[in-house]
Every structure is written in C-alpha cells, then in structure tokens.
Ligand SMILES: O=c1ccn([C@@H]2O[C@H](COP(=O)(O)O)[C@@H](O)[C@H]2O)c(=O)[nH]1
C-alpha cells in the first residue's frame, strides 16, 4: 500500500488544551490559517467543547476528538456513535481488544476514523512496570499495534520514537499519529518519549500532535507556523 496522501499543513494537529470554549475560540482566531487540524481533549471537552468540534468541522477544519474511550463494549459503541455525529475525523480509544472491536464496528458507515492509543507518551518502561506490565514500552506498543491492525482499527497513537518500527509492522495501512513532539529548545513537561517535528516526520509519523509548545508560546501563530515550516522542510 502507498503512503497516505496528506496535505503537508494537515499533518500538524494542535491540541486545544484550554479551559473554556471562549479561550479556544480566541486561540483559533490567533492561529488563523496556520492550523487546519485541531484536537479536543479532556480539558476542553469537559468544559463544553464538543459542540465546538461540530462547529469547527462545519467551518472546514479537521477535528480529532481525543477522549481515549475505554469501557464495556456497548458503552464504547454508543459513545463512538455520538462522536461520529459531530463530523470529527479522528477519535481515540485505548488499545484493548474489546474496546477497539466495539469502536470499529460502531464507526462503520461514518467518516470517523478510530485511533488506538498504544502506550501514553508520558510513560517509560519503569512507569509501565509500576502499572503491573511485564513488557517494556516498545514491545507493548508493537503488540498493541498488531492487535489493532487485526481488528481493523484505522490508526495508532504512539510516540514518534516507535514510528519507524510501527511502519515496519503495519506498513501504510494505518495512520501514525504522534504526540510527544517538542520543537528544539521547548520544555519537555511531563512527556517522556519525545522527538522534534523534523525527526518525527523522518521517522515516518503521519500526524504530529502539539499542545503546550503552541498554547503557551508568546506568539502561538508564529510557533505553529515555525512547526509547519519544519514539517515542510522534513518532507521536502
Ligand atoms: O500518548 C499520548 C496520547 C495523547 N496525548 C495528548 O497529546 C497532547 C500533547 O500535548 P503537549 O502539550 O504537546 O504535551 C495532549 O493533549 C495529550 O493529552 C499525549 O500527549 N500522549
């Protein structure tokens, strides 16, 4: 299968990790044409952000709803149906077989694509072991990727550190969406498995998710535009 044809500017997904719809609207205004793809996660979704997802989609932006669903299959399926009605492009679920199966079945016939979160980018091997797992990060990411692919999941969320290995496993059949992106010199925060935008693209990531390096920048529009330039140069 050929690599997915993705417009270079759609490869940057900016996380609207903000406390209110008003703050998100103000940020979207500042970012203007620098950003075509937005992510709405816990903070904004729980502050009334899901109707904004629908509005953004109707205004021609792409939307990633990052709710990382994980529940009994029936509940996951009903949640997926609700999110599909918003016109979002991506929705995350945790990479557990029952959850992924329910989500894939429930998104059928909609434009929504399901992404499986393999291992959170704030985890390293010691965090996994503390959580009771015997596998290290790379082995668990790869095992979950194989399960996700077998279940018909559309894409994977992982650190860019695993992107090259994942390409070797899933080829170009699945979208690789990578948080843990840090432009050179920016603060790591709680992320443990990180790469620069250029290195993530070179490693094979399709989409780069960036939150604080844009949200907390003195000039968010300039920060987003700098990442877009780095992505374009890495693709050239
Ligand atoms: O493994 C994961 C899955 C999701 N995320 C989300 O991506 C952004 C990253 O934000 P930064 O501020 O750039 O660290 C955030 O919304 C996370 O919930 C992730 O980081 N890792």
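Going from the start of the chain as shown, residues are counted 1 onward.
Cβ coordinates are placed from backbone N, Cα and C, and glycine is handled just like the others.
The active site, for OMPdecase activity annotation in TrEMBL covers 66 (among others). Around residue 66 (active site, for OMPdecase activity), the C-beta neighbours below 8 angstroms that are at least 6 residues distant in the chain are 15, 39, 40, 41, 42, 90, 91, 92. In the three-state DSSP assignment, the secondary structure recorded for residue 66 (active site, for OMPdecase activity) is strand.
Taken from TrEMBL, the feature active site, proton donor applies to 68. In sequence order, 92, 93, 94, 117 make up the list of same-chain residues 6 or more apart from residue 68 (active site, proton donor) whose Cβ falls under 8 Å from its Cβ.
For 68 (among others), the entry in TrEMBL reads active site, for OMPdecase activity.
Feature annotation from TrEMBL assigns active site, for OMPdecase activity to 71 (among others). In the three-state DSSP reading, residue 71 (active site, for OMPdecase activity) counts as coil.
For 17, 39, 66-75, 121, 182, 191, 211-212, the entry in TrEMBL reads substrate binding site. When other Cβ atoms within 10 Å of the Cβ of residue 73 (substrate binding site) are tallied across all protein chains shown, the result is 16.
Under the heading domain 'Orotidine 5'-phosphate decarboxylase', TrEMBL lists 11-227.
Sequence-distant neighbours of residue 211 (substrate binding site) (same chain, six or more apart, CB under 8 Å from its CB) are 14, 15, 17, 39, 179, listed in sequence order. The Cβ neighbour count for residue 121 (substrate binding site), using a 10 Å radius over every protein chain in view, is 25. Candidate recorded positions: 17, 71. Fewest other C-beta atoms within 10 angstroms, 71. Within the same chain, residues at least six positions away from residue 67 (substrate binding site) with a Cβ under 8 Å of its Cβ are 41, 42, 45, 79, 83, 91, 92.
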